[in-house]
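Annotated features in TrEMBL:
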- ARG56, 79-82, 145-147, GLN151, 198-201, ARG381, 392-393: substrate binding site (BINDING)
- GLU75, ASN77, GLU299: Mg(2+) binding site (BINDING)
- GLU75, LYS236, 295-304, TYR306, 329-332, GLU356, LYS383, ASP389: ATP binding site (BINDING)
- 136-233: domain 'Glutathione synthase substrate-binding' (DOMAIN)
Amino acid sequence: MDFNLLVDAVSQNAAFLEQTLSSTIKRDNFTAHLFDIHKQVLKEGIAQTVFLGLNRSDYMFQRNADGSAALKQIEINTISASFGGLASRTPAVHRHVLNVLGKTKEAAKILSNNPSKGLAMGIAKAWELYGSANARVLLIAQEKERNIFDQRAIENELLARNIHVIRRKFEDVSEKGSLDQDRRLFMDDQEVAVVYFRDGYMPSHYSLQNWGARLLLERSCAVKCPDIATQLAGTKKVQQELSRSGMLEVLLPGQPEAVARLRATFAGLYSLDMGEEGDQAITEAIAAPSCFVLKPQREGGGNNLYGEEMVQALERLKDSEERASYILMEKIEPEPFGNCLLRPGSPARVAQCISELGIFGVYVRQGKTLVMNKHVGHLLRTKAIEHADGGVAAGVAVLDNPYPV
């Protein structure tokens, strides 16, 4: 819930976003496009009054030299945070397997988990506050959506509340979306209360037509999940700047306990902006590549660079302003453990694995009043240690459940 507060605070601080992303937008066209829309919306005046965040903060347990473990944040996902639907189903799968094996006591220890219900609760609250009983939730989806069943779980939760969802692509919005004089959003002549993005987080998701559709959506008074400022708040560059000494205190004044909890989860994060600080970070990473990860301003997995690949990239970037479109992060080293992985097209096998824990958070703000701020479930993904990067969608990791001991 602390990260919900932080993301919401960052999204409302236009000066912080502009200062933080000033070097990045010069070299990263995708972030620059998003920021241009942000500026246009601010100039025209923000029409929406209700704000919705469906976030997922991802962590690993850092193995310390003294044998202790500390939970360290990898990143926070503020757009299209996935697997809430499928994670709601995995406890039943593992309970079933254990029961079939006669391990009923172990099956009973599998934690209950239903993030799809909690995520839908946030959307439903935003829909309610929008105040139009016949308005729809517009889910922006990709044309070829591999993860549709994850999304359907949330849609079905909304339908159970008599809230109807319409699925459309950016191209559909461009062709059939419109705003009235009050900037209410209509799609196929149906008013839209909430726009839920499950697309729009990678450069490949946008043509010139799609950028125009995104601007149309952002200009409307519909609740966007996320609005453009909240998407920018989830960039790697913002994550790095938040780790600077004193920054959390500025963004969350009068909340020292929340600041302490947040800071305890930060791994080392380093700017690669031109200058002495960036030069020093590059020198250290090239000297000890196993201790660092090079991260671009991208979501969706499979974008990070490690080891020799990272060194080659840093050697190429070190004298170029392009390096400002990346950050360096301390590599988190969790304790490996044995587990059995079941993946399509591969026999089940026991391997040395590591896991990544995601915590789903929901917040709703009306004007300046926070009306909801909840933790609504978790996601555990496990992969073999030989894979440095890549997740479930890439076929590397599998959905898992935490097992309390």
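Glycine is no exception: its Cβ is also placed from the backbone N, Cα and C atoms.
Note: TrEMBL annotation is automatic and uncurated.
When each of the binding-site residues TYR201, TYR306 is scored by how many other Cβ atoms sit within 10 Å of its Cβ, TYR306 comes out lowest. The two recorded residues, LYS383 (ATP binding site) and VAL392 (substrate binding site), have Cα atoms 9 Å apart. Across the domain 'Glutathione synthase substrate-binding' (136-233), the prediction's mean pLDDT works out to 97.
Comparing CA positions across the binding-site residues ASN77, GLY302, LYS331, the one lying closest to ARG56 (substrate binding site) turns out to be ASN77. Separating the Cα atoms of PRO296 (ATP binding site) and ASP199 (substrate binding site) is a whole-number distance of 19 Å. Residue counts of the domain 'Glutathione synthase substrate-binding' (136-233) by helix, strand and coil are 41 helix, 26 strand, 31 coil (DSSP-based).
Taking CA atoms as the reference points, LYS331 (ATP binding site) and ASP199 (substrate binding site) are 28 Å apart. VAL392 (substrate binding site) and GLU299 (Mg(2+) binding site) have their C-alpha atoms 14 Å apart, to the nearest angstrom. Across the binding-site residues listed here (PRO296, GLY302), the residue whose Cβ sits among the most other Cβ atoms within 10 Å is PRO296.
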